[in-house]
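Starting off with a structure, shown below.
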Protein chains: 2
Amino acid sequence: MPLTEAGIYAAALRLIDADGVEALTMRKLATALDANPMSLYHHVPNKEALLRGVARMAGAQFRTVALEDAPWQERIRLLATDFRTLAHRHPRLIAYSFSHQPDFIQHEDPFLVALTAILGAAGVPLPEIPETIALVCSVVTGVLTAELNGALHQWASIEPPAVPTADDSGSERPGPDEDRVFRLVLDTLVTGLESRLTADRDGQAGRR
Amino acid sequence: MPLTEAGIYAAALRLIDADGVEALTMRKLATALDANPMSLYHHVPNKEALLRGVARMAGAQFRTVALEDAPWQERIRLLATDFRTLAHRHPRLIAYSFSHQPDFIQHEDPFLVALTAILGAAGVPLPEIPETIALVCSVVTGVLTAELNGALHQWASIEPPAVPTADDSGSERPGPDEDRVFRLVLDTLVTGLESRLTADRDGQAGRR
DNA sequence: ACCTGAACACCGTTCAAGT
DNA sequence: ACCTGAACACCGTTCAAGT
């Protein structure tokens, strides 16, 4: 079968899922496609563009349901959880994209469209929408990056220093649980947003 | 002068600050040190260990003041801001470390020691300290990563969709301001933590 | 238009040999 | 102990030549 841009991206994504972005090589990709390494360059200008294309293709798999009638708190939780599902599907690529592709989450993406709608429904004033988008995206990509690269696990496994309160050996802490910390981050984000909105409504004008 | 481990790290850090981690090469580093590329391997086992060493050295520059009498909210803000100062000093290295070195923030680091103390002073129950550390580290590294790689700027620059409320052309939004979003993230984090602590104190037991 | 072989300018790292 | 030259097994990409 002939080489196509989409076929190249799909093969690259398979290799990345299997061995990570750093192991992806134009030469290995060509071998996987049963092609000459140089043939790739007729469909993709260079390796960086290849990785952007793969990320765009994987990002297009993002799906979320609208739930327009639910409270905004629930909607934003669902949106973040759906994003996490995508991250789990292609962890190596998504981790790479978060750190190397500042434009991975783009204006027209369903994620941002949904987020903007939710923040509007929550009552965030229009001029504060962009900075609130930045806030939410930072927090969500932050916790997902930490989960994907293992930092979250390490942090959550840190033993409380000293102060062994009586006998703790029987309680058997259930072990670090990424799900739990992810929910904790979402709870904190939502609660923090709620407080800001309430304060705004109560008439506090000046924001420094 | 003879090659030393510390000297190698320092030279590597200079090259990274100037041209980024991806431009650092054993061969270029050797040239900068006026040495043979192979001489480096007598002081550092390989490139990955080199980068870990450089990160450890840069991380050791982290400084923060205790402020033990201030309210925990102010202390956590200061701690995060001091960490941001370090990130600004070596942006390329720190961005790399956040995404590639899950153990960049380690148990004994002054940052984690201070954070643990602050959370304890805030009244976070001992068994919840680790997950709260994970929460705070995720959020702080998340917003710093986004700032360092430019995503924060992009997100904060997104124009509110449609709904041009009358004449907006004279208002001249002050342009995306990373400082502002960073403070917003901290405010949200602190407020979210406050709410959890208050809820806990009010006697709500069960945590899912 | 699409493919390809040879080549260029690099990499990190091994290894045997030097002092 | 520390250094070094040559070499190995790779990279991404250019370019002229093929069909």
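Note that Cβ sites are derived from N, Cα and C of the backbone, with glycine treated the same way.
Features from TrEMBL:
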DNA_BIND  B:25-44  DNA-binding region
COMPBIAS  B:170-180  compositional bias 'Basic and acidic residues'
DOMAIN    B:2-62  domain 'HTH tetR-type'
REGION    B:160-180  region 'Disordered'
With a Cβ cut-off under 8 Å, give me the same-chain residues at least six positions beyond the ends of the DNA-binding region (B:25-44) that come close to it.
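Contacts with the DNA-binding region (B:25-44): 3-5, 7-8, 11-12, 14-15, 50, 53.
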Let me know the model's mean pLDDT on the domain 'HTH tetR-type' (B:2-62).
97
Going by DSSP, how much of the DNA-binding region (B:25-44) is helix, how much is strand and how much is coil, in residues?
13 helix, 0 strand, 7 coil
